[in-house]
Amino acid sequence: MALSLYYDEDDDENENENKDKPNNDFKNQQQINTSKTTNNNNNINNKNNYNNKFNDDDIFNNDKIITKPRVTTTTTTTKNTSTNSNINKTKFNDDDIFDDEDEDSNSNKTTTTTTTTTTTTDTIITNDYRYQKTVPFSSFCDLMNRIINDTKISNKKNYLEKFMNHYKDEPNNFYQLLRLILPQLDKDRNSYGLKEKTLARLYVELLNISPESVDAMRLLNWKKSTNDEIGGDFGTAVYLSLKNRCNNDNGRIKVSMGDINESLDQLSQPLTDKKTKVSILKKVLRSTTAQEQKWFVRIILKEMKNGLSDNITLKFFHPDAIDHFNITSNLRLVCTNLFYMTQSKQKELKDKQKLEEKENLLKQQQQQQNDLDIYKLEIKLFNPIKPMLANRQSIDNLSMILNSAISATQFVVEKKFDGERIQIHKDGEQVKYFSRNSNDSTGIYGSMFTPIVKECVLAERCILDGELIVWDSISQRFEDFGNLKTLALNKDGISGSGDPLGINYGKQLCFIAFDILFVKDQSVMNLPLMQRLMLLKRCVTIKSKQFEISEQTTVNSISQIISLLESAIINREEGLMLKNLHSLYVPAERKDKWVKIKPEYIDGMGNGADDLDLVIIGGYYGSGLNRRGGTISHFMLGVPFIADSTDTDIDDESTFDKNVIFYSFCKVGSGYTDIQLKSLQKDLDPHWNNFSTSKPPSIIQLAEPFKEKPDVWIDPRVYSKVLQIKASQIVVTDKYKCGYTLRFPRVLKIRDDKGWKDCCSHEEIIDLFTNYSTNLNFKRDHEYGDGSGGKNKKLKKSKKTTNQLLADSGLKVLSIFQDTDTSGIIPTQNIFQGIEICVIKGSSGEYTKSKLEIMIVEMGGSKVQYPSRNTNYVISSKEVVKIQNLIQSGFIDIVSFNWIVDCYNEKRLVPLGPKYMIFSTESTKKRFLLDSDQFGDSYINETTEQSLKDSFNQIDKLKLKKQLSINSTTTTTTTSISKYFSNCWWSLFKEFTFYLDLYQVVGEKSTLIENNNLELSNLNIQFYGGKISIEFNNKITHVVLDSLDLSRITFIKNKINSLSLPIQIVTTNWIQLSINNYSIQPILEILD
């Protein structure tokens, strides 16, 4: 037998019977004549042979170069024309393509006509593989090997050109070749549903080898390098595992490119089950060499890794191929249109000019083709158009762009939504959706959203460009991008319980249309944006929060843009889009006609993600054939979290280390040099542990169910490295345990001088996000703690304050974050000495934010841009949106700017009183009551006209705010009770706040779950000192579920994870068991 594979029993029984027969695993398999002859034409007349065959005689032999015009060639090459007459270009000979020494080996093959049809929206050419049947797949593989092994682009293109010059000039032939060279651009075939992990298991099954064997371990752990082999490339792993098991080239039946294409067609059929896929893979495996298998799996994975970009390959095929592909996203159309266009023009040139004049005319023709007007290309429905893209620009460059405007209404600003860029194609009742990469997303969104499209899109035939996002009708806001496909695919997190009120309850898809490309059988891309928007409004009817048109705001100054960006930040929006109303729609173009403005593009704006020290907790093996493939080249970074803060001895270092765990936070793989990476690898290598989902480490906490897991993990308490990270933005996520992550992180420095205790804590990450999301949204429990979180003080604050970062940057920031340069201000008074003040907003008149900060420094005080535990007062002009979250947290006094002005004018520290207060903490209100009544009327000072006015104003305020002194009395009473009766049996739950799972929508009383069994637990909890909360907030310690109905466990877990709160889930049984035993029972014992 030629194979070293393990066959099924049926194969073994028939081995002797079939050993002399050709391998018929491929239908229409070619039969090889192993006898060598010098007369290659003897069998050409065989009636079964296809009369146009690929001829690869000495294709890469520099002494025998065959050159002829191809689709991309517009000049006639005359070099070595003397050899052309001796070579039959229509017959394939695969013996001496890559071996220049062995020139006498040829093979005769018999082929059968094979034609298959691929169903597409617009079928132009059937998959005719007759010519492909004459091209050995080994020739294609040898071509790829030569390209990948040569580092020079010019040599790569030279190999490709030599191969093409031997290739038959027909559009279908070029298409079948290009879809193998560029499988990632082939949209005719559906997804194979085969990735590295699946393929590895299938190969182990096909080879019938032990999963513990060397070859199996190489496949299953293909990313890992060993002492002898470099990992990171699955194709190479397949080759090494099969090279001693598969066919070799001696006397075998060669598989053709047509055979491979047929197998790929079969694998991509949408209803192909696993058994059928295994059968197809087995046929290919038994008929190919290890080298051919390597390239076969790379085609399946759509990762050729040959060093030639998509654009280089397309441009090599034809100068206008890139433009055509951007318009059609269809390789088949590109090959067809450009081939016939070139052939026609070349024929005209032959009739008009002599051979010596042809070269110059063809050069002119090439220039004309390069200047092809893309707007004259035919637009067809259901052929996705590459979307026009937006450029990134700084504030300074935006000024230049706006100054170049020829009219005051030339530019508009739109909101930038955090969704998926989607192109909607509508032809009557048929609607399709395409992603920005031209992938068909109809299967994902069609069933849910097509009825909305039919209702809202009035045009019969059109192409719309826009953003698909998720609207949450309960929270009344747009969701983050990560929730889009979860909603569309109905992954409600209920784990099959059938509960309709999962994490998707109250959510719906919403399409924000911002452009129209095609309407009424005509492209409108050549119209200016202003006209396209007018057409768009005529073609669409608005349906709130389901199908809308992006709102435009005309701008002509930087101040307007900054104001809009401030609002976007406050509203947690992703950013803005600046568009030129005179711009035409150019597919795949990224220029300043459209500009995206995000907070992270404005350096130093204090978005909370500028400069963080994070510890390495995991590693990832790199993939590919580059220098990082097969090594730990990417890292999972984490932050420490104190798992148990109830111990009183916070200075006990061993106890502190014992209680810390590490939450996963982000993944980084850039910013360091190869030398730095090798140094990290050397230092960390002895400490890595393989990560297993069946036995995850307790010290490293990942988001369940392991949405982002490393290949290896490390215990930072034993050894690790701290990396200084720069990122663009901090965002909410469910991929990491922290609940947040960084966008576009990169390493600034490896901090060998720091350990894990010096890096950012989980508490600080929460503060960073709240700073970014609502400017000054701090949560009291995380910033100051509630008296039980003192242990976190052991974590040193290694990160710079936002104020320091802003000062270091020296760049422009938004007004709400602007730090006034007071380096030249010399304090003239000591009124505010030792007092730290944060100014949020000044008046709109004389006393601006900047002037107030200067006054504070002149009076000896210190100013910051964000309040911290050391900040004494926050200053503002009124109850603006930016301080609402601070008011809700209740931990800091917010004072009117008038107090600063009065202190400055009177040159003394004016006592604070109710008239200055925008918000008073409980302690401040108590202090005020010692000197005056609740309306500010002093017990000591004489009443004046002004003080009486102030008292009346305070009465109005108190009527609105209901700030009564009874609250402080109640708090005092509760504290006293806890002090003297804390150990009594009736105080069992005194430290806990419970949320009872009574409502289908959390906190919504109108959605009460009928026939629940939680009423008794409600009474017991309150009787035994516990508190009940009807809101899901950070004060909750436990969520109580009905022991008889645990269907909502997953929903509650998702809710807790989304808020990143340390809340425990218990059942009514746990409540009763704790009461029966007069002590709090272990929770895990009950839930298990």
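Positions of Cβ are set from backbone N, Cα and C atoms, glycine also.
What Swiss-Prot says about this protein:
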type     : residues                                                               : note
ACT_SITE : Lys416                                                                 : active site, N6-AMP-lysine intermediate
BINDING  : Glu414, Lys416, Arg421, Glu467, Phe514, Glu574, Lys579, Lys596, Lys598 : ATP binding site
COMPBIAS : 25-53                                                                  : compositional bias 'Low complexity'
COMPBIAS : 73-90                                                                  : compositional bias 'Low complexity'
COMPBIAS : 95-105                                                                 : compositional bias 'Acidic residues'
REGION   : 1-56                                                                   : region 'Disordered'
REGION   : 73-117                                                                 : region 'Disordered'
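Recorded features from Swiss-Prot, shown on the structure.
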residue : record                                  : Cβ contacts under 8 Å, 6 or more apart
Glu414  : ATP binding site                        : Phe514, Ser550, Glu551, Gln552, Thr553, Leu576, Met577, Lys579
Lys416  : active site, N6-AMP-lysine intermediate : Ala568, Glu573, Glu574, Gly575, Leu576, Met577, Lys596, Ile597, Lys598
Arg421  : ATP binding site                        : Pro387, Ser435, Arg436, Asp465, Gly466, Glu467
In three-state DSSP terms, the structure that Lys598 (ATP binding site) belongs to: coil
Among Lys579, Lys598, which are binding-site residues, the residue with the most C-beta atoms within 10 angstroms of its C-beta: Lys579
Cβ neighbours of Phe514 (ATP binding site) where a neighbour is any other Cβ within 10 Å: 23
Recorded ATP site residues Glu414, Lys416, Arg421, Glu467, Phe514, Glu574, Lys579, Lys596, Lys598, farthest C-alpha pair in Å: 18
